[in-house]
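Data first, discussion second: the structure below is written as structure tokens.
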Amino acid sequence: MTPWPHLTLRHLHIALWGVLPYLALAVLVAGSAWRYRYDRFGFTTRSSQLHESRLLKVGGPLFHYALFLVIGGHVMGLLVPEWLTRRLGVGEEQYHAVALTMGGASGIAAVTGLGLLLYRRLRVPAVRRATSRGDRLTLPLLSLVLLAGLTATASSVSRPYDYRLGVAVWFRSLFTLDPDVTAMAHAPLLYRLHALLALALFALWPFGRLVHAFAAPLAYAARPYVVYRSRGGAPVR
Amino acid sequence: MRVMSQIAMVMNLDKCIGCHTCSVTCKQTWTNRTGTEYAWFNNVETRPGLGYPRGHEDQDKWKGGWRLDARGRPVPRSGGRARRLARLFANPELPLLEDYYEPWTYDYETLIAAPPGDDLPTARPRSLIDGRPTAVTGGPNWDDSLGGGPEHLAGDPVLRRISEKMNERVRLEYEQAFMFHLPRICEHCLNPSCVAVCPSGALYKRIEDGIVLVDQDRCRGWRMCVTGCPYKKVYFNHATGKAEKCTFCYPRVEAGEPTVCSETCVGRLRYLGVLLYDADRVGEAASVPDERDLYEAQLGCFLDPHDPEVARAAEESGIPHDWITAARRSPVRDLITTYRVALPLHPEYRTMPMVWYVPPLSPVVEALTAGGHDGEDPAALFGAIDALRIPLEYLAGLFTAGDTAPVEAALCRLAAMRAHMRRINLGEERDPAIARGVGMDERGLEAMYRLLALAKYEERYVVPTTYVAGAQGAGRARGGCSLDHEGGPGMYGPDGGPEAFHAPPATGGPAVTAGAPQGGSSLRGRVNLLNWNGRGRPGGLFPARRSAGE
């Protein structure tokens, strides 16, 4: 006899796909707000380019730009419902061919870039020493998320799975506060693993170097070149 | 006319003996922390020489400062906004640590802990960056006093540009004849290119005194400023991931005290004072097409505080009255505008630098004396300034974008001052022609002599205090100094103190970890002697006395 005979796999699914996402989101939002409030000094890229530039010049841009493509692909795949693309005249097979090639290519580029950066971090003594405890947790997790996602994309060649009728439905349902747990529970293991690791990454986000993503200097494009500030503190002009 | 005020500096290179006192006291004050071991907000270079970081004046390589675009408008040489944002993930023009030097310490421990044996224990050099044994191959003044010889000198970008015109033989002679020291700090430019390239808007120019600062809370470590500054005077703290730079010792300047480098200069060669300038003219001046006009263009931005019109406009734009009176007594204004003996460093960068230099006359006098002439004889001296074309070319390469006329004029004024004062001291008859020959009068020469040679403390440093009513902790959510972060510039905790600079590298990562609590709580409520004016006993210097009952 199990101690809780009423506890079934269904409860686990509810915990993972109905509760955990909100917990991760709460940690992400509250953690970032807390970090910004109490450790604004810590919002930095923690760049190690001073120590090593040759590998970074290739790996850094490759990883980041590929990541933008990957994020763009996720927005397309998760937020745009299938009926919309169908109405626009894009067939399921067509869509998946594009998603597979584009997603696969940018995924491979991102993994290659990250691989270069990790090699650099491990093999260049000065960079290795500049690695913080947060990095040691964040970077492996980030690698796992990327690898799981890339493998999931690759697996769709042999075992086709229309994630836009499964994972995407669950993802969108999160925002209507009515999580479609079943949609996710029936997704292939790789997709579930990828989602789970990503949730862990989001929960960890505010506490490591990843916060620098929130510091993207978009305002620079519209700013006058020279900034004047008064001694009192507030920016002027 | 939009009047703004700036605290500016002039250094009299004739008096610099290259003792590095300014560098060392500056380092002890500001950069004796983990992450800034390699950074020298103030450094002293030997010219000709590579400088620090090595060859930093080669803007074809480092892309510092501004250039004019096709429409004649200044854009950062490292690229405009779009290019900067596109290069966010790897800055292609960032100097590496090896371009500065790899900081090191020694295994002092082995001197004490080595077991008894036949050999004397030695303290081996050890890198402060990766903790491994290292060979010391560079330092902030590695080619000090022409150490290293011609192969180092060949890398001097200013010399290279001249020697394209000159042949090798002249250059070698020239090396024997000519050497001087060049102390460098941040130029606190009127048109700062480090500020212009900062994507986060963390760097800013202070309205009140023109000091260029990095907001440590806003800096995100994109390190564009390191590239943007043509003088390479913004440094990246590799432990905190933030940019840091010369602060012009603003806590001292606000209190009316000179900067640490000025205060401790044994040669008394630094001058501090207020300059009023017209902010509306700066953009225009920075975009004059010919580089050689930049010196005159910058002079044209400065305003005469004796002009009642200027004084009225200054009051209107909120400049305190004592700043205007300080501007009238400013030694910096005298040397730059009145006597015209001070020149800007590399005006061709178009940043409108605000630390100016009186070019060195001594090497010319020495060269004459070595040649068997009377080095102080005015006729010989004037002739020599003109005849020694190469030093003039070199100085012009540093101070006037290659135009030798202003350098020659400044040197002639200095020579005239020497000749005039020698006649007075030797009891000879005065010769008004000397002063007239350089476009001055005798009173002017004597006043210049007083300022340059006697250099009284009160006349060298005319720094008005900055006070803001109720400024105690203004604009800060939490109290205390905004620089008091762990590893930050004001950090005086156990990890950031002077001991840490010389300590062997600790194992594990740098002290700052994500989410770590900040602030040295052990020092809370205690005094920071950096801000103490030296009068009276500062509160919090000693622990509070316990009450009698305890």
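Just so you know, glycine gets a Cβ as well, placed from its N, Cα and C.
Bear in mind that the values here come from a model prediction, so they are computed numbers and not experimental data.
Positions annotated as transmembrane segment by TrEMBL: A:12-34 (among others).
Annotation source TrEMBL lists domain 'NarG-like' at A:14-231.
Annotated transmembrane segment per TrEMBL: A:55-75 (among others), in sequence order.
According to TrEMBL, the heme b binding site annotation covers A:His64, A:His74, A:His194, A:His212. A C-beta separation below 8 Å, combined with a sequence spacing of at least six in one chain, links A:His64 (heme b binding site) to A:Gly113.
Among the features that TrEMBL reports, transmembrane segment is placed at A:95-119 (among others).
If you look up TrEMBL, you'll see A:139-157 (among others) marked as transmembrane segment. Here the transmembrane segment (A:139-157) has long-range neighbours at 70, 96, 99-100, 103-104, 107-108, 110-111, 114, 118, 121, 188, 190-191, 193-194, 197-198, 200-201, 204, 210, meaning same-chain residues at least 6 beyond its ends whose C-beta is under 8 angstroms from one of its own.
Annotation source TrEMBL lists transmembrane segment at A:189-207 (among others).
Every protein chain considered, the tally of other Cβ atoms within 10 Å of the Cβ of A:His212 (heme b binding site) stands at 18.
Least crowded of the binding-site residues (A:His74, A:His194), judged by neighbouring Cβ atoms within 10 Å of its own Cβ: A:His74. If one looks beyond the transmembrane segment (A:189-207) by at least 6 residues along the same chain, the residues whose Cβ comes under 8 Å of a Cβ in the stretch are 16-17, 20-21, 23-25, 27-28, 31-32, 34-35, 134, 137-138, 141-142, 144-145, 148-149, 151-152, 155, 161, 163, 166-167, 213. In this entry, A:His64, A:His212 stand out among the binding-site residues A:His64, A:His74, A:His194, A:His212 as having a C-beta under 8 A from a C-beta of chain B. For the recorded site, A:His212 (heme b binding site), the DSSP three-state label reads helix.
Residues A:His64, A:His74, A:His194, A:His212 are listed as the heme b binders, and the farthest two of them sit 23 Å apart at their Cα atoms.
Annotation note: A:His74 (heme b binding site) sits in a helical segment as assigned by DSSP.
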